[in-house]
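The transmembrane segment annotation in TrEMBL covers 6-24, 31-51, 57-76, 88-107, 113-137.
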């Protein structure tokens, strides 16, 4: 699965930077990612299981993943709408969070294990998706374009 994940990630990066580069609209992409990266990095130095390079990097990746959707949601809110394919993509990204929640429940009942860093980051990520999920279910699934209320 790691190999599939890496190949899919590199494929996505290739598509973004080469094949579909002309679809990038820099005038709407004004989110400053350093406002996500720096706090996630600082927090990962404080909140980790052990102060080792691998644990800090793992904590950083979990914390950054929790807020990584914010630039896309910011872009959707700035433009006021999202294309159908973008809406489906964002929904798929958020839906996998539901699988994580099922994994947490399974691990708790089968192993008695709770990873509070992953759970709290997951809760933050799920909360960030809630408004989008509501709009997706009420608009896109009814065949309408995802437009944010003015």
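The backbone N, Cα and C atoms fix where each Cβ goes, and this holds for glycine too.
Sequence-distant contacts of the transmembrane segment (88-107) (same chain, six or more residues past either end, CB-CB distance under 8 Å): 69, 72-73, 76, 82, 113-115, 118-119, 122, 125-126, 129, 132-133, 136, 140. Counting same-chain residues at least six beyond the ends of the transmembrane segment (57-76), those with a Cβ under 8 angstroms from any Cβ of the stretch are 28-29, 31, 33, 36-37, 40-41, 43-44, 47-49, 82, 86, 90, 93-94, 117-118, 121-122, 124-125, 128-129, 132, 146, 148.
Distant neighbours of the transmembrane segment (113-137): 47-49, 59, 62-63, 65-67, 69-70, 73, 76, 87, 90-91, 94, 97, 100-101, 104, 107, 146, 148; these residues of the same chain sit at least 6 beyond its ends, with a Cβ under 8 Å from one of its Cβ atoms.
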